[in-house]
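Please read the structure below before turning to the comments.
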Amino acid sequence: MFWRETFIVFRRQLRLALRNPAWVIIGLIQPILYLVLFGPLLEPIAGQLGAQNAYTLFVPGLLVQLGLFGALFAGFGLIAEWRAGVIEAERVTPASRTALLLGRILRDVLQLVVQGAVLIGLAFFFGLTGSIAGMFLGLLLTVLLGAACAAASNALALTTKSEDVMAPLINSVALPVLLLSGILLPMTIGPQWLQIVSDFIPTKYIVNAIRELFTGDFFTITVFWGVLWTLVLFAAGLWVGTRTFRKENA
Amino acid sequence: MIHARGLARTFAGRGKGAEKVEVKAVAGVDIDVDEGEIVGFLGPNGAGKTTTLRMLTTLLTPTAGTATVAGYDVVTESQKVRRSIGYVSQSGSTSPEARAGEEIVDHGMLYGISKAQATARGRELFEQLDLDGLWTREPKAMSGGQRRRLDIAMGLVHDPTLVFLDEPTTGLDPQARANLWTHISDLRSRRGATIFLTTHYLDEADALCDRILVIDHGTIVASDTPDALKRQVSGDLVELVLADASRSGEAATVLSRVADDDLTVSGATVSARVRGAGHEVAGLIRSLDAAGIALESLEVRRPTLDDVFLTLTGRSLREDA
């Protein structure tokens, strides 16, 4: 029953997304623009940054950026649905409240998988080399992070019910997290104070772990921390999300 | 079908500054609705109508009291309640960009019925609700009346025996409203459904309901048939407009002989409540004629539910609506 309900919600969401693919396309073009317009700038300085290949450094960063930004904005669609009465109509059915959330997150996850795969595939043309298995694992970590962010974003949307409250809130969190995660440039080239601040940002460990996975180093302490943080964030995101969806009057 | 006792809901709100206050949205209501009844829930905005409805439909947990809906407890057996009822909320139920048919099939499937069954049922409802040919139409391209009927179809896809309608005709033009009323009465005559609807339109409650519950400030202040409620108002309103305003004093004296209440004089207009005005009005005209008071016009108005509300609460429904 639960999976059937989840699938009904997922299929509906996917259908709506594909019928109006503007957001899917924008989400896809953004990382490609980074790859095309920023990637070449990194190539000559990759060696100085401690990487043999500029793209094993850069693509993991872009993946995490996708997972963070793409998914954090997923909740905006939910506000529109809430306003149209869809959420309440679904909540008055006997369907599981968790299924209503999970079906939506799965759509975001699918979108993320496609975007990530396109990004990695395209990066090969620019000269990405590395461990294919590592890339798959990196994509997996990205997807788990994205699911957590999508769940949190949906929970936030259902709590605030206002784009005007949500947009500045997400931006004010996402931008510093993005910068301090070392997505464009590794934090190691920064001054001491910046590195210390970035130590408090969980996604920095995830970016670093995916970078090592891309180069084929699987069993390192960096990968361990990255995987651990991904799992912690994943569990926390889903917990907050389901709790909010189960709450009455949400 | 519905039995509620002392059903109440308080919200944690904020007073001036940071002090916390409890807002009593519904202060303990008793509701009984029998099978096959159409019951209207009447009250101004903010009286607690929607909050009560959300408690009865399991969307909101009561802070006190109990309620059984379709035989099940709304708190401990909420799943069973949800299976048995249809709810048409005032905010709609479909995405503007989705296709009507797909929305109704998905909605039916969330109730656990098969895709084939949901499709057949949806098609049948589209036909009954005059939505033929709109199966693939997007709700954003529908008229307000069509969208409301689609919402009703959504609420009926699983064949509920009890249907809740929250302000079903708000925002519709008069023609679409009258059309929707026909469809709502059809729900009972065709399907034997019990209907509980909220409204702040008096004519709507009057046209549709067997019985009306009047709610104000979170408590039910009256429960009766529309006619019985209107009988509580002392009589029909008789309004005389005189040809000559200077005779209004004399006219008032004549009218007062048959009047029960509310004798008022304002310029050339003299009015009063008269019990059984249809019977009294012939004699009234004769008396006025005998006194040589010429009339510009005479109007007899049956009491409206607005008058009922005014009598019960001391204020007009329209002030808040």
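For all residues, glycine too, the Cβ spot is worked out from N, Cα and C.
Taken from TrEMBL as is:
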TRANSMEM  A:21-42  transmembrane segment
DOMAIN    A:22-248  domain 'ABC transmembrane type-2'
TRANSMEM  A:62-84  transmembrane segment
TRANSMEM  A:105-126  transmembrane segment
TRANSMEM  A:132-157  transmembrane segment
TRANSMEM  A:169-189  transmembrane segment
TRANSMEM  A:218-240  transmembrane segment
Handout entry: Tertiary contacts of the transmembrane segment (A:132-157), as residues 6+ beyond its ends and Cβ separation under 8 Å
Key = 60, 63-64, 66-68, 70-76, 78-79, 82, 101, 104-105, 108-109, 112-113, 116-117, 120, 166, 169-170, 203, 206, 209-210, 212-218, 226-227, 230-231, 233-238, 240-245
Problem - Maximum Cβ pairs under 8 Å to the transmembrane segment (A:105-126) - stretch from the list A:21-42, A:169-189, A:218-240 - result: A:21-42
Problem - Distant-in-sequence neighbours of the transmembrane segment (A:169-189), which means Cβ under 8 A and at least six residues beyond its ends - result: 38, 48-50, 57-58, 61-62, 64-65, 68-69, 72-73, 153, 156, 160, 195, 197-198, 201, 203-204, 206-208, 211
Exercise for the section: Please indicate, using numbers and ranges, the residues of the same chain that are 6 or more beyond the transmembrane segment (A:62-84) and have a C-beta under 8 Å from a C-beta there. Expected result: 27, 30-31, 34-35, 104-105, 108, 111-112, 115-116, 119-120, 138-139, 142-143, 145-150, 152-158, 160-163, 166-167, 170, 173-174, 177-178, 181, 183, 203, 206-207, 210
